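Working notes, beginning with the structure itself.
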């Protein structure tokens, strides 16, 4: 099974990715992991990527796509993979189609975990962190026993500046705009599957499992 996982920040992609790879024993491939592995192995493309990253510059598409091609050609991807964080643009998605064609494979599904932006805002702005020990809480989903006080060490809880409502709302808006052309592209190809991410996390996985189970 060859899968792509999509979803806005706070949609619960990480949790679902863990469950998919654990059950189906396929590699979870994120852009960051690919870059790190290529740089560590000092491949030609890895060294090129490193030169851009060290300068604080974006890695050009041709380098990223080359690294993706190398990674998907590896032995552990023979039975499938879960791509996360790539592609990000229609140009990258088109390049991925070419890679898959060259490898004699195709993408089976693009799983988009759908969550209303209002709920995402609540999920992302509710996080609180202990100033002393770094423990993480959530006002709704994992609240401390006593408001603003860490259960573990009694330290004061605070909200990170980039978790405030305005910053999070802007981040979501940018993500929605960037993601829409990609979703349209995959819908046209017939790969796109929308998953209700507003349910309990086990129910979300059960829905994914029913969908992809036939591919195993």
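Cβ atoms here come from the backbone N, Cα and C positions, even for glycine.
Residues or ranges marked as ATP binding site in Swiss-Prot (evidence: sequence analysis): 10, 11, 12, 13, 14, 15, 127, 136, 137, 199. Residues annotated as AMP binding site in Swiss-Prot: 31, 36, 57, 58, 59, 85, 86, 87, 88, 92, 160, 171. Taken from Swiss-Prot, the feature Zn(2+) binding site covers 130, 133, 150, 153, and the record attributes it to sequence analysis. Annotation comment: Swiss-Prot describes 30-59 as region 'NMP'. For 126-163, the entry in Swiss-Prot reads region 'LID'.
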Residues close to Zn(2+) site centre defined by 130, 133, 150, 153, Cβ within 8 Å: 131, 132, 134, 135, 151, 152, 154, 155, 157
Candidate binding-site residues 14, 150, 153, pick with smallest Cα gap to residue 57 (AMP binding site): 14
Intrachain C-beta neighbours of residue 12 (ATP binding site), sequence separation six or more, cut-off 8 angstroms: 113, 115, 197, 201, 204
For the region 'LID' (126-163), residues assigned helix / strand / coil by DSSP: 3 helix, 13 strand, 22 coil
Candidates 14, 59, 137, namely the binding-site residues, that fall within 10 Å of residue 130 (Zn(2+) binding site) by Cα distance: 137
Integer Å distance between the CA atoms belonging to residue 127 (ATP binding site) and residue 160 (AMP binding site): 8
Residue from 10, 137, 150 whose C-alpha is spatially nearest that of residue 88 (AMP binding site), among the binding-site residues: 10
Length of the line joining the Cα atoms of residue 127 (ATP binding site) and residue 59 (AMP binding site), in Å: 31
Candidate with the highest Cβ count within 10 Å, taken from the binding-site residues 59, 133, 150: 150
For residue 137 (ATP binding site), the one of 31, 86, 150, 153 that lies nearest, given that the binding-site residues are compared by Cα: 150
Number of helical, extended and coil residues in the region 'NMP' (30-59), per DSSP: 21 helix, 1 strand, 8 coil
